[in-house]
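Feature annotations, reproduced from TrEMBL:
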- 16-37: transmembrane segment (TRANSMEM)
- 43-67: transmembrane segment (TRANSMEM)
- 88-106: transmembrane segment (TRANSMEM)
- 112-131: transmembrane segment (TRANSMEM)
- 138-158: transmembrane segment (TRANSMEM)
- 170-188: transmembrane segment (TRANSMEM)
- 220-239: transmembrane segment (TRANSMEM)
- 245-265: transmembrane segment (TRANSMEM)
- 285-304: transmembrane segment (TRANSMEM)
């Protein structure tokens, strides 16, 4: 039982739960036939499993190549190399990759397509190269993590592409905005984490953005990205305000815009790893608030059927 708990910690099971929850919430939001189980629902369920396994495999291979650096940055949080051997971790990683590819091929045969396999393969390759080559390189590692973390949202475009059911233009824009929101939030958080781990990274010769640009310039970069994040979110809240959908507007301003602004203020005042860790945690909360908005959105949407269906 203890061994199972170690594996669950290794694959960051809370993060996997968030990935699955996010995909299903998007699917429910854009699916008009909420109370009807269709063959597409079964296939989409498999794509959720694929994304979860891809993420789990990514966490394992990341820790596999990161054992040395973790001994400096976070020795008390190590799982691979301490409770699970690197060899066993790599075997589990390969097994997960095989399963994701098999499931992807199955989904594509059902749709007479190749998109699922292509996306899954691309994600697995990007995660491997990120873990082995790009993680501690200038910016590209941050970009790849943000892209791959937001990739599950792209799977939600498949119902639109395959025209399995109709969706309103508003829901399509919602998917695009959520991808943008997820990508930028993850990108900002990765840079903040680099600032938090700067001492250990520098000791091992890494060349992250935080090391290459220094603390002051890195803060400026984060500020630019945060502004690019908060402006569209604010505009989306304004759109709901002009539509006189007050609940949505209030949620966005109070639970998304204000927390983002608060994060930026806290981040700019950060001076040590503990401060940066707190800022990183704030971003994670903002991401969760964004996901919870989907639940709120769908619950209230029934009162505005003409707008959302």
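Using N, Cα and C of the backbone, Cβ positions are placed for all residues, glycine too.
Same-chain residues lying 6+ beyond the ends of the transmembrane segment (43-67) with a Cβ under 8 Å from its Cβ atoms: 10-12, 15-16, 19-20, 23-24, 27, 78-81, 86, 89-90, 92-93, 96-97, 99-100, 103-104, 106-107, 110-111, 116, 120, 123-124, 127-128, 130-132, 135, 148, 151-152, 155, 158-159. Each of 88-106, 112-131, 170-188, 245-265, 285-304 was scored by its Cβ pairs under 8 Å to the transmembrane segment (138-158), and the highest score goes to 170-188. Of the Cβ pairs linking the transmembrane segment (170-188) with the transmembrane segment (220-239) and spaced 6 or more residues apart, 3 or more are under 8 Å, so the two regions touch.
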